[in-house]
Every structure is written in structure tokens, then in C-alpha cells.
Amino acid sequence: MKIGVLALQGAVREHIRHIELSGHEGIAVKKVEQLDEIDGLILPGGESTTLRRLMDLYGFKEKLQQSDLPIFGTCAGLIVLAKDVEGETGYLKKLDITVERNSFGRQVDSFEAELDIKGIAEDIEGVFIRAPHIANVEEGVEILSTVGDKIVAVKQGKYLGVSFHPELTDDYRVTQYFIDHMVK
């Protein structure tokens, strides 16, 4: 299968590496027309306001809102997928969740944690960099993992969202899960 990584910002190469380790073709998506050539899409981390502006500029928002393409959002990608973001309206509104930005603190408060992610494994390394958390989930959203009392991974239909950066580790099981369970 062909899995795209939105290549407007973020750790694009690292995501493509995880896709390839999962046995699939990874494609850096730079043009909206490329969305028709892929089976699933990863929205990487970075800065969510910048990501939204670039998606608007290059025409990705409208195309993705109308699409039923499976999408995996990490960190800023999770924020972009959310129906609501505390203090503002959501963007793509694919996941029926409310996200709180930077809820683990500033850049200096970044951390790593071993996560038990339902359906994947009990020992997934999560890298949290100015990470959001999921403050609320609506019916139909399955919680996959938490850090303390904060939700950090969810799925709903063809959509997977995580607060952390799985691509910054050598463990590609979260990407493999997305491909196996959402893209198929």
C-alpha cells in the first residue's frame, strides 16, 4: 500500500521510514493531487497553527474534509484532526474529541514515557514535545492510552490520533497499527 505523509513541516522522513519498515511505500505528499494516489495519510507533528495555514494555502483542508481517506495524526496532526480545540474551533473535525494544546508544558517540559497502548503493546515509547492531550471524547471514540489522567491516544473509524511522536523512536508499531487497522 501507499501511505502518504503530509510534507509541509515536521518529521516527514522519520514517518516515511516507519512506513517502509512496516512493509509499505511511503510518499512525501506536497501537492493536493497526490492525495488521490495514496491509501492513507499521516499528518506529522510540528506547529499546528503553521500546519493549518499551510494546509489552507495549498488546498489540503477542503480536499481532506471531503475525503474518507484514513488519517493518522501525531501531536500537531492530532490537533488538526480534532473536532474541537480548547478556546477555538477545530479544523478537519475528523475525530470527535476536544484537544488541549501544550497541556504537558513548554518545550523544556518535554519528556518520554513508556505507554500501554490498547491493541498495540504495553511498552511503546512515547516522545512528548509541547504535547497536547485529549480533554474530552465523544461517543464512538475509543481511548487507547493515557499518561496519568490525560488521554494521549484515540481511534475512531479510519482515524488514529496520538499526542506524542512515535516517529522519533525506532519502534514503528504505532504506524503498523494504523496501516493494519485503519488503512487495511
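Glycine residues also receive a Cβ, built from the backbone N, Cα and C atoms like all the rest.
Predicted, not measured: the structure shown is a model, and the values here were computed from it.
Straight from Swiss-Prot, the features:
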- Cys75: active site, nucleophile (ACT_SITE)
- His165: active site, charge relay system (ACT_SITE)
- Glu167: active site, charge relay system (ACT_SITE)
- Gly46, Glu47, Ser48, Arg101, Ile129, Arg130: L-glutamine binding site (BINDING)
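Taking the features listed in Swiss-Prot, we show where each one sits on the structure.
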{"residue": "Gly46", "record": "L-glutamine binding site", "contacts (Cβ under 8 Å, 6+ apart)": "Gln9, Gly10, Cys75, Ala76"}
{"residue": "Glu47", "record": "L-glutamine binding site", "contacts (Cβ under 8 Å, 6+ apart)": "Gln9, Ala76"}
{"residue": "Ser48", "record": "L-glutamine binding site", "contacts (Cβ under 8 Å, 6+ apart)": "Ala76, Ile79, Val80, Arg101"}
{"residue": "Ile129", "record": "L-glutamine binding site", "contacts (Cβ under 8 Å, 6+ apart)": "Gly45, Cys75, Gln107, Ser110, His165"}
{"residue": "Arg130", "record": "L-glutamine binding site", "contacts (Cβ under 8 Å, 6+ apart)": "Cys75, Asn102, Phe104, Gly105, Arg106, Gln107, Asp109, Ser110"}
{"residue": "Glu167", "record": "active site, charge relay system", "contacts (Cβ under 8 Å, 6+ apart)": "Ala11, Glu14, His15, Arg17, His18, Pro44, Thr74, Thr175"}
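Neighbouring residues of the recorded L-glutamine site, listed in sequence order and excluding Gly46, Glu47, Ser48, Arg101, Ile129, Arg130, comprise Gly45, Cys75, Ala76, Ile79, Asn102, Ala131, Pro132 (Cβ within 8 Å of the Cβ centroid). Here the recorded positions are Arg101, His165, and the one whose Cβ sees the fewest other Cβ atoms within 10 Å is Arg101. Maximum C-alpha to C-alpha distance over the listed L-glutamine-binding residues Gly46, Glu47, Ser48, Arg101, Ile129, Arg130 is 13 Å.
Secondary structure at the residue listed as 'active site, nucleophile', taken from DSSP and collapsed to helix, strand or coil, is coil. Reduced to three states, the DSSP call for Ile129 (L-glutamine binding site) is coil. For Cys75 (active site, nucleophile), other Cβ atoms within 10 Å of its Cβ number 30.
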